[in-house]
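Enquirer: First the structure, which I've put down as structure tokens, then a few questions once you've had a look.
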Amino acid sequence: MSGSFSPCVVFTQMWLTLLVVTPVNGQHEAAQQSVVSLQPPWTTFFRGEVVTLTCYRFGFSVPQKTKWYQKRKTVKQTPGALVIKAHTLKVHESGEYWCQADSLLPSMHVNVEFSEDFLVLQAPPAVFEGDSVVLRCYAKKGIEAETLTFYKDGKALTLHPQSSEFYIHRANLKDNGQYKCTSKKKWSFGSLYTSNTVVVQVQELFPRPVLRARPSHPIDGSPVTLTCQTQLSAQKSDARLQFCFFRNLQLLGSGCSRSSEFHIPAIWTEESKRYQCKAETVNSQVSKQSTAFIIPVQRASARFQTHIIPASKLVFEGQLLLLNCSVKGVPGPLKFSWYKKDMLNKETKILKSSNAEFKISQVNISDAGEYYCEANNSRRSFVSRAFPITIKVPVSQPVLTLSTGKTQALEGDLMTLHCQSQRGSPCILYEFFYENVSLGNSSILSGGGAYFNFSMSTERSGNYYCTADNGLGAQCSEAIRISIFDMTKNRSVPMAAGITVGLLIMAVGVFLFYCWFSRKAGGKPTSDDSRNPSDSEPQEPTYYNVPACIELQPVYSNEPEENVIYTEVRRTQPRQKHADQESESPRSRCQMAEKK
């Protein structure tokens with residue numbers, strides 16, 4: 001265990017602290033406490049020598065104000081202790097010393113001893129595993145190295161070559177024990193000098209690390225952070241550690257690093273295996289490994305949320321259809337695919353967030369069907385429940401017709417209105433109107449339109465129309481005007497027509513009778529011997545173109561006892577001399593009663 005280490009290199013600064021530590025990133029950062037250092041880094045000296053104590057703030061910064069203590073009293077300028085600077089104290093008197101930097105907690109106590117013996121064994125105040133330790137056998141006067149002997153627990157230690165320094169490389173628990181040294185007196189035979197006894201107790205530099213996972217129960221595919229937790233000894237808080245992480249004894253990442261954390265972007269159920277970490281000093285003097293730790297990876301449970309615009313899942317042809325899929329409980333990044341039934345539909349998006357949209361600017365009837373989205377995180381696929389999308393065709397302008405085909409009706413007639421849209425998805429609501437007043441409505445689930453029956457009345461004469469609506473908005477038909485006749489108010493019309501026709505018939509009858517009578521009067525009368533004059537009477541010639549009858553007004557009176565004598569009065573007109581007249585006009589005859 002001998003070597004050629006120089007104590008000035010190994011123990012140039014030995015930081016002695018009494019620290020309260022808190023875990024930070026696996027190592028431990030000292031709380032705000034004061035720190036004391038010794039130079040030279042020993043605790044045993046010969047009387048008359050001087051040791052320098054220096055007080056620092058934690059982190060080895062120079063404090064603004066320092067207080068030194070010995071035996072629970074404040075150290076002032078005394079013959080035994082000389083204050084050189086505010087944070088430095090030179091000591092040549094045995095005792096316990098500590099300091100307080102500014103308002104921090106006091107440092108640990110340092111026990112400094114000044115001996116009057118001829119031979120002393122000098123050792124550092126503390127030994128930690130992995131340290132390179134020097135034990136120096138030191139005499140007041142020069143001694144010959146070949147006369148020195150080191151002992152551990154009463155057993156002599158062999159040094160090659162012989163030296164006044166004993167080296168312990170990579171100190172560990174097997175180096176614990178009681179050490180001392182002896183030397184022969186110069187020019188003396190059989191006389192030995194024996195040093196003081198130093199107890200070496202190798203302290204643990206840091207405990208065995210513990211591996212932690214955050215989160216402790218990760219979800220399949222989610223990121224995980226592994227932390228290798230350990231705690232450096234308070235007096236060795238300036239030691240530098242590095243950390244390594246393993247899965248099934250295979251080194252993770254690019255190797256060991258100063259970070260006590262290792263990030264796994266995604267952990268899967270098949271990787272739920274044995275994990276370990278290792279903490280070691282940068283020079284690999286001390287290395288410790290954690291126990292195996294199995295990370296319980298849970299299967300991901302996808303919770304889908306789908307948002308649809310329009311929210312009713314009922315879309316009219318030509319409208320916008322917007323589908324949005326969001327997933328919780330599944331780690332990303334995710335790739336989203338939209339499916340219609342069993343076939344991939346048009347558009348796929350890859351997003352770092354857990355949202356994806358699928359958009360159809362103008363839907364048509366072929367876009368109807370069941371849709372679902374799929375989220376994939378490169379290892380797992382998660383599928384949402386399918387939801388139906390119904391595409392409706394807006395109704396066209398309806399056509400209003402009459403069953404009779406006539407727009408005129410009599411009061412009391414039964415009328416049937418028929419309203420039908422040639423295009424439109426059911427269910428269609430038809431409504432009938434008279435002069436903007438609703439008459440009734442009907443919902444039709446299939447084609448054929450709707451009918452409305454009503455009995456006409458005088459007040460129902462006017463404009464009729466209908467509307468059709470299947471959810472997008474009502475479409476209005478052209479108006480039909482129906483005229484109504486009231487027979488009780490219009491009898492004068494047929495009566496006047498009847499009278500006119502009757503008068504015409506009577507006029508025609510009178511005219512025909514007149515013609516007949518005139519023709520009858522123009523013929524020769526039947527001979528009557530009793531009434532005709534004798535044949536010897538000269539007869540006046542008769543002419544045509546004379547009035548048929550000239551009424552004579554006789555003056556007579558009837559006496560009851562006398563006989564009535566009928567006379568015939570004949571009037572003749574002179575013959576016209578014009579030769580162009582063809583015949584004689586018939587004689588007019590009028591009969592009258594004459595009194596004798």
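Cβ coordinates come from backbone N, Cα and C, glycine included.
Checked Swiss-Prot, it gives:
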type	residues	note
SIGNAL	1-26	signal peptide
DOMAIN	34-115	domain 'Ig-like C2-type 1'
DISULFID	C55-C99	disulfide bond
DISULFID	C137-C181	disulfide bond
DISULFID	C228-C277	disulfide bond
DOMAIN	296-384	domain 'Ig-like C2-type 4'
CARBOHYD	N324	N-linked glycosylation site
DISULFID	C325-C373	disulfide bond
DISULFID	C419-C466	disulfide bond
CARBOHYD	N436	N-linked glycosylation site
TRANSMEM	497-517	transmembrane segment
TOPO_DOM	518-596	topological domain 'Cytoplasmic'
REGION	522-544	region 'Disordered'
REGION	561-596	region 'Disordered'
COMPBIAS	577-596	compositional bias 'Basic and acidic residues'
Enquirer: From the Cα of C373 (disulfide bond) across to the Cα of N324 (N-linked glycosylation site), what is the distance in angstrom?
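Expert: Taking the Cα atoms only, N324 (N-linked glycosylation site) lies 9 Å from C373 (disulfide bond).
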Enquirer: Quick check on the domain 'Ig-like C2-type 1' (34-115): DSSP residue counts for helix, strand, coil, in that order please.
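Expert: Across the domain 'Ig-like C2-type 1' (34-115), DSSP assigns the residues as follows: 0 helix, 45 strand, 37 coil.
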Enquirer: Could you check what DSSP calls C373 (disulfide bond) once collapsed to helix, strand or coil?
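Expert: DSSP assigns C373 (disulfide bond) to strand.
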Enquirer: What's the CA-CA gap between C228 (disulfide bond) and C55 (disulfide bond) in angstrom, rounded?
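Expert: It is 33 Å, counting Cα to Cα.
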Enquirer: For C99 (disulfide bond), which residues in the same chain are close in space, meaning a Cβ under 8 Å from its Cβ, but six or more apart along the sequence?
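Expert: Looking at Cβ-Cβ distances below 8 Å from C99 (disulfide bond), excluding near sequence neighbours, one finds S34, V36, L53, C55, T66, K67, W68, Y69, H87, L89, P106, S107.
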Enquirer: Can you tell me which of the disulfide-bonded residues C137, C277, C466 is spatially closest to C373 (disulfide bond)? Compare CA atoms only.
Expert: C277
Enquirer: Provide the number of Cβ atoms within 10 Å of the Cβ of C181 (disulfide bond), excluding the reference atom itself.
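Expert: A 10 Å sphere around the Cβ of C181 (disulfide bond) contains 27 other Cβ atoms.
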Enquirer: Tell me the Cα distance separating C325 (disulfide bond) from N436 (N-linked glycosylation site), rounded to the nearest angstrom.
Expert: 46
Enquirer: Any idea what the Cα distance is from C325 (disulfide bond) over to C277 (disulfide bond), rounded to a whole Å?
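Expert: Here the two Cα atoms are 40 Å apart.
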Enquirer: Counting only residues 6+ apart in the same chain, whose Cβ is under 8 Å from the Cβ of C137 (disulfide bond)?
Expert: L119, V120, L121, Q122, L148, F150, S164, E165, F166, C181, S183, S195
Enquirer: Write out how many residues of the domain 'Ig-like C2-type 4' (296-384) are helix, how many strand and how many coil, based on DSSP.
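Expert: Going through the domain 'Ig-like C2-type 4' (296-384) residue by residue, I get 3 helix, 52 strand, 34 coil.
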Enquirer: Measure the Cβ-based neighbour count of C373 (disulfide bond), defined as the other Cβ atoms within 10 Å of its Cβ.
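Expert: Excluding its own Cβ, the number within 10 Å is 26.
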Enquirer: What are the non-local neighbours of C277 (disulfide bond), defined as same-chain residues 6+ apart in sequence with CB under 8 A from its CB?
Expert: P209, L211, L226, C228, F243, C244, F245, F246, F262, Q289, S290
Enquirer: Need the DSSP three-state call for C466 (disulfide bond) to compare against my parser.
Expert: strand
